[in-house]
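Trainee: Among the features that TrEMBL reports, compositional bias 'Pro residues' is placed at 29-59, 84-97. Annotated compositional bias 'Low complexity' per TrEMBL: 60-77, in sequence order. The ATP binding site annotation in TrEMBL covers GLY166, ARG229, CYS230, GLY259, ASP260, GLY261, SER262. According to TrEMBL, the Mg(2+) binding site annotation covers ASP260. Annotation source TrEMBL lists substrate binding site at SER305, ILE306, ASP307, ARG342, MET349, GLY350, ARG351, GLU405, ARG433, HIS439, VAL440, GLN441, ARG442. Annotated active site, proton acceptor per TrEMBL: ASP307, in sequence order. Residues or ranges marked as region 'C-terminal regulatory PFK domain 2' by TrEMBL: 585-963.
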Amino acid sequence: MLRPPGYTRHLRRSRPPARLPRPLRSRPPGTPRPPAARPPPAARPPPRATWSPPPPPRLAPAHLPRSLRLPPSRIAPTCGWRAPAPPPRPGARPRPPIGARGAAGADGSEWRRRGRGPGCCAPAPALLGLLAMDDDDVSARKGSFRKFLEHLSGAGKAIGVLTSGGDAQGMNAAVRAVVRMGIYVGAKVYFIYEGYQGMVDGGSNIVEANWESVSSILQVGGTIIGSARCKAFRTREGRLKAAGNLVQRGITNLCVIGGDGSLTGANIFRKEWSGLLKELAENGDIDREEVQKHAYLNVVGMVGSIDNDFCGTDMTIGTDSALHRIIEVVDAIMTTAQSHQRTFVLEVMGRHCGYLALVSALACGADWVFLPESPPEEGWQENMCVKLSENRARKKRLNIIIVAEGAIDTQNKPITSEQIKELVVTQLGYDTRVTILGHVQRGGTPSAFDRILASRMGVEAVVALLQATPETPACVVSLSGNQAVRLPLVECVQMTQDVQKAMDERRFKDAVRLRGRSFESNLNTYKRLAIKMPDDQIPKVGAAAGRSREAPVSPADPGVLGSRAACRREPPACEPSAVLQSNCNVAVINVGAPAAGMNAAVRSAVRVGISEGHKMFAIYDGFEGFAKGQIKEIGWADVGGWTGQGGSILGTKRTLPGKSLEAIAEQMRTHSINALLIIGGFEAYLGLLELSAAREKYEELCVPMVMVPATVSNNVPGSDFSIGADTALNTITDTCDRIKQSASGTKRRVFIIETMGGYCGYLANMGGLAAGADAAYIFEEPFDIRDLQANVEHLTEKMKTTIQRGLVLRNESCSEHYTTDFIYHLYSEEGKGVFDCRKNVLGHMQQGGAPSPFDRNFGTKISARAMQWISTKLKEAQGKGKRFVTDDCICVLGISKRNLLFQPVAQLKKETDFEHRIPKEQWWLKLRPLMKILAKYKASYEVSDPGQLEHVHHRGHEEPAAI
């Protein structure tokens, strides 16, 4: 029998040793209760190698493999009694409460558990009240009642799912989620092939789906159920036929995946539904009973479009994948453009929306971008040529110009890529090429972001349909920050149409505002980073040439942040350059392990800092290099081309500053550093805490400091996302796709894949959701041999179907005993004759590679926001000689739910598990049941309140936009 290290003979002892991973301790009815007081461990005799009296027989089923059968002392009795929990051992993690760990049914039902391991069982009905409360019963004390999926049932309901309009990567993931979630809750789910055309034609175009119908489609681009533009559905006669076809199959719930036109058509169909049924009854096509039985139609939409042109959501399904295609092309073009010193004009899709053009320009550092919502000002031809020639003068060997296909000028006249090429050749004489990407952007494998987004939206859409009433308006499931929200479909469509109306009327500022906070934030950031202001227009901070050291700064000076005395402490009088320095000195440092997107963050910080009037310094090799004085001034052109490069150009180390605080303080005094931006992972967070604590001893450390999280582990407190995590997640997803494909020929094979992340299970959990894994073992959710047993049984049953492959992910530190090798050997042994097993340790390939578009965009925007915060802090100290000693001067900048927040590290200490280097609460754990449900496990999933239908609104300019 296979046992993990340190797991010797415990199954034959009357009481399992304390080191086991949470064994289930119980005693049979009738045996005396153990005494309350027990001798200390040192005084206890060693346990005897004999069992205690056997309980009533409820032994492991005979068909289970011998090595997975549990002895009677490890098996729960069938009655509702539960043994009292033993006192916790020192240093042990606290056991979750009964509502989370499990309990026996009071009616003598079979033992059931919730949220215990990768494949957990459904809670007994008697436990729903317990499950509806949090661990500390906060919700119950407040009088609210949390909603769980167990309260909803789809029995007797039928759901139709269709894709309409242009296809987009990730649509299949949404279809898969709708089908499996619908079947999970007991509803019938129907494919409607070829969009609205299939609904009108009926017949074989409307087919009931089963669990295996959506297997192996997660990684496939486009849509397997087809999409077509239907003219017939635009007429009442066409919608009458469609209603008849739906009623024949009892479909009264419709899930539409498409753009604004598709969703508008669905809303019109819903409004006319009752009238259409009456007309069908009058024509004799259906009887009156069916009219009453199917009296109303519920509609929920998901926006599937690469254009990201739908108002009300930060991202539509397919947009991130389209950005991947664009950035892949741009990165490839840059190498050939540098070789020949060429200018490339790239035309991207987007119809009348410039989102793809804008974000790709931001992600690759394009020289110029043309957008429909923000056309160039009069005289743009001359301005663009000046900008291109200035970049060449800075020894830049290439120029990239990105054009949205719907680009226009201020008179609403189109601007074409050929027109731009002719202008550059005529005015500058540069060797210029045009590349039109076209439908390449629609194809290919969906990114990890799109798979997760589509899966979340699909599950939420089914829940919305189950909660819908006749009075519920048609809604759209959308993304706000990292939260899934429901918005009224009519409001979203109306605002989307308002954007086009504003552009037609040449109200371009209104068009940008109506696009949403994400678009507006992207545009402002690009403008700031793309064009370098002349030196005489850059705001000066402190004494300028010809201004005495004590001369006051006029408030009327444009961009003035404060006097030199306010921005930095007076240098020693012997320093000759003291009078000549006019800017605040801000340093940037990378700390911890490298993460893709770090360089984009450094580039953004440097350029925003320079545009704010600061003098920027780069610190090489982390805190170790800081102490050694590896500090160099860095300019605007020095960071050109950094956006698409992986790793850390500045160099980074895990060394903490604790042992070098005096040397670091000396370097800060030598270089007159007035503020510090730290980009890194958990080591950066610990280093920030040490610098904060040392401010009492070293006055030089009393400056504003802000940390931007950058780590593949995504384990920094204060932020839901970290720079680099998305790139690592895409690496894991791509690898899993290839591994699954390798099993398509051999069949009956299970893969065990180990991911990075330390004790944080983000990569394993989200990678499992994106790759369609059968299980994911993580540290945050303890598991034991019984969970491994359940997973082996699950895979054994799966091999009897047409899906004859399995995928299991394991976080590298999820368990001390259940190592990757142990799980591999266990699966191999127990799967003999049913399936074979392979293992793969991904290792440091998760830290390498070019950053994904998300990480480039996220790193650029969050770093720019951090520099704005630094400038604000320095401006507040203007003329006051202020020392930055309060907690709010040393912060972590992160995205929390829907907002960018600066949180003092002193407050975040309470939210941190320092032993395991993870936050105490992690948002993505709420998505863990989704992976289990979509893998055909029973799980308890908290759902949204049906009354929480939000309204579309826009934030004021004073509120920062989230990424």
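Keep in mind that glycine also has a Cβ here, set from the backbone N, Cα and C atoms.
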Trainee: At a 10 A cut-off on CB-CB distances, which of the binding-site residues ARG433, ARG442 has the highest count?
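Mentor: Of ARG433, ARG442, the one with the most crowded Cβ is ARG442.
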Trainee: Write down the Cα-Cα distance for SER305 (substrate binding site) and GLY166 (ATP binding site), rounded and given in Å.
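Mentor: Rounded to the nearest whole number, the Cα-Cα distance is 7 Å.
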Trainee: Residues with Cβ closer than 8 Å to the Cβ of SER262 (ATP binding site), same chain and 6+ apart in sequence?
Mentor: SER164, GLY165, GLY195, TYR196, VAL256, GLY301
Trainee: Cβ distance under 8 Å to SER305 (substrate binding site), same chain, sequence separation 6 or more: which residues?
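Mentor: Expected: GLY165, GLY166, ALA168, GLY258, GLY259, THR316, ILE317, GLY318, THR319.
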Trainee: Relative to the mean position of the Cβ atoms of GLY166, ARG229, CYS230, GLY259, ASP260, GLY261, SER262, the recorded ATP site, which additional same-chain residues have Cβ within 8 Å?
Mentor: SER164, GLY165, GLY258, GLY265
Trainee: Round to the nearest Å and give the CA-to-CA distance linking ARG351 (substrate binding site) with ASP260 (ATP binding site).
Mentor: 13
Trainee: Measuring CA to CA, name the entry from the binding-site residues ARG229, CYS230, ASP260, GLY261 that ends up nearest ASP307 (substrate binding site).
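Mentor: For ASP307 (substrate binding site), the spatially nearest of the binding-site residues is ASP260.
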Trainee: What is the pLDDT of the region 'C-terminal regulatory PFK domain 2' (585-963) when averaged and given as a whole number?
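Mentor: Taking every residue in the region 'C-terminal regulatory PFK domain 2' (585-963) and averaging pLDDT yields 91.
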Trainee: Could you give the Cα-Cα distance between ARG433 (substrate binding site) and ARG229 (ATP binding site), in whole Å?
Mentor: 34
Trainee: Select the closest residue to ARG229 (ATP binding site) from the following binding-site residues, measuring between CA atoms: MET349, VAL440, ARG442.
Mentor: ARG442
Trainee: Whole-number Å only: compute the distance from the Cα of VAL440 (substrate binding site) to the Cα of GLY261 (ATP binding site).
Mentor: 23
Trainee: Let me make sure I understand the span of the ATP site: among GLY166, ARG229, CYS230, GLY259, ASP260, GLY261, SER262, what is the greatest distance between any two Cα atoms, in Å?
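Mentor: The two farthest binding residues have Cα atoms 14 Å apart.
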Trainee: What is the separation, in Å, between the Cα atoms of GLY261 (ATP binding site) and ARG442 (substrate binding site)?
Mentor: 18
